[in-house]
Amino acid sequence: MRVLILLLMLLLPGLSQAQPGDDLFAPRGATQTDFLPVEKAFRFTWERLDDGQVQLRWQIAPGYYLYQKRLRFDGLDPALQPQLPPGESHSDEFFGESQVYRQSLELTLPAAAAGQLRLGWQGCADAGLCYPPQSQALDLGGTGPAAAGTSGEVAEDQGLAGSLQAGNLAWSLLLFFGLGLLLAFAPCSLPMLPILAGLVVGSGAGPRRGLLLAGSYVLSMALVYAGLGVVAALLGGNLQAWLQQPWLLGSFAALFVFLALPMFGFFELQLPAALRDRLDGLSRGRKGGSLAGAAALGALSGLLVGPCMTAPLAGALLYIAQTGNALHGGLVLFSLGLGIGMPLLLLVTVGSRFLPKPGPWMNLVKGVFGFLFLGTAWILLRPLLGEALWIGLGGALLLVLAYAALHTARGLARHAVLFGAAGCIFGLWGAAMLLGAAAGADDPWRPLQVYAAANRGATPTASAHEAFLTVSQPAELDRQLAAAKAEGQWVLLDYYADWCVSCRIMEKQVFAKPDVLAALQGVRLLRLDVTADNAASRELLHRYQVPGPPSLIWIGPEGEERRARRLTGEVDAGGFLAHWQATRERG
């Protein structure tokens with residue numbers, strides 16, 4: 001069996017570089033000029049002065065300029081419109097001869113200005129990039145005309161961000177701890193369970209030591225999760241994309257393969273003798289794994305296999321980005337991380353009490369967790385491999401697991417039937433995955449569906465690909481939105497990335513459904529591809545203040561976003577159809 005496992009693991013380095021069509025370790029979407037994010041190119045601030053007037057100020061970075069004719073003040077009484085100062089003449093490929101502002105722009109609204117105001121502006125860079133139109137809602141207080149597209153309804157992420165602003169810290173921490181408990185059972189959080197269980201069981205730690213190890217893992221995971229969330233929100237960067245770079249995922253997949261080797265008895269993973277003796281002296285007889293090692297593994301889990309983009313996470317990030325209150329937002333994210341880790345901690349520590357006392361069976365358990373480590377590496381490799389290649393690798397892993405289970409069953413007096421049945425199931429499933437991979441399957445749960453689809457003459461995902469127009473540049477998005485507005489069309493913006501597992505699931509289980517495609521007839525479907533971590537992707541994300549994919553945004557026939565109807569995170573077909581019907585009815 002060791003030979004089979006070794007051969008399987010030797011495939012991983014080559015497969016991790018097998019992404020078709022490009023160099024795996026080449027930076028994606030690299031450009032010759034890296035432009036400033038729009039919020040840094042045009043820094044906007046406003047304040048109400050002592051005399052009641054409202055001062056609006058744009059600080060414009062060198063090499064950038066704002067268009068005079070692109071300034072908008074929606075919701076402001078025409079009699080209160082500000083007097084625009086003269087600009088400098090400028091001619092470019094985007095708007096021809098125009099008046100533009102450089103360095104700074106200050107405007108003053110009279111004291112009578114009140115209510116909801118939506119500002120709009122647009123600028124470009126001398127180096128050749130034209131940013132998409134920007135907008136910001138201002139609450140000037142008092143009463144006044146409502147800005148277009150506003151209502152009392154808010155999206156889930158907005159509601160959570162609002163609760164953070166309105167509520168006290170203790171309530172916010174409790175709320176997000178509870179949300180974390182729910183997120184612990186999301187599919188993208190489940191890979192953390194075998195990592196933590198393998199750590200505790202593989203160390204042979206007792207109940208108390210196991211609790212300390214699990215606590216160290218969960219605590220460090222929550223700390224890293226909170227820290228990265230705060231950094232991402234304050235810097236406005238696409239941190240998800242950075243953490244999903246091929247070299248990083250490939251490195252950590254190799255690390256989990258390396259961690260699996262000791263579980264199969266290839267070697268014993270331990271510190272150098274001198275350092276080990278010193279630590280043994282300091283620990284004074286404590287048995288079990290290293291707390292520092294558990295903390296390091298927890299940090300890696302927070303980086304790579306933590307929860308995906310969901311409404312609670314988006315709400316916390318939106319709150320930090322809007323208020324700049326990194327301390328409050330960081331504590332909330334830390335509480336969310338603790339909530340995610342709590343069920344894992346209970347399953348590993350409390351569940352371990354029902355296991356028999358240490359003995360020869362531990363070698364069997366270590367082998368099980370070795371396969372779980374290999375499965376984690378397989379999951380990490382998904383964004384790097386084509387779907388068929390990834391499914392084929394999973395099928396090979398299942399066949400090796402089936403052989404191991406059947407081989408183990410022959411040497412057991414008890415539970416032989418259980419292991420034999422498991423081996424047969426794994427073997428059949430692995431064979432099905434290999435057969436499906438040979439035909440180009442893209443769903444590991446239904447690997448043979450590709451043959452049924454071929455008999456019908458089409459694949460389910462082909463219709464989904466054809467229905468959506470992929471957009472990766474802000475200028476193309478502007479053209480599509482303008483065309484939809486001219487035709488009075490609804491628009492669905494689907495933020496997507498190749499490394500986003502939830503995006504792929506929704507592509508197959510939502511947008512490939514005939515009833516979903518039928519319901520979306522007449523809607524302009526745009527897939528905003530933010531796979532690459534470059535200026536264009538950052539602009540697409542910042543356009544609607546989206547923290548990351550998957551996110552679904554509805555644009556009405558008049559060109560305004562229905563912000564309260566935004567969907568963040570994974571949704572099933574039934575939920576999506578109900579949501580779209582309600583959105584269409586409300587207009």
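Note: Cβ is positioned from N, Cα and C throughout, glycine not excepted.
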Ala296 vs Pro514, membrane side identical per Swiss-Prot: no
Cysteine from Cys124, Cys188 that Swiss-Prot links to Cys130 by a disulfide bond: Cys124
Cysteine paired with Cys500, where Swiss-Prot records a disulfide bond, from Cys424, Cys503: Cys503
Nearest-integer angstrom distance between the alpha carbons (Cα) of Cys500 (disulfide bond) and Cys124 (disulfide bond): 31
Cys130 (disulfide bond) versus Cys503 (disulfide bond) - Cα distance in angstrom: 29
Secondary structure tally of the topological domain 'Cytoplasmic' (405-416) (DSSP, helix then strand then coil): 7 helix, 0 strand, 5 coil
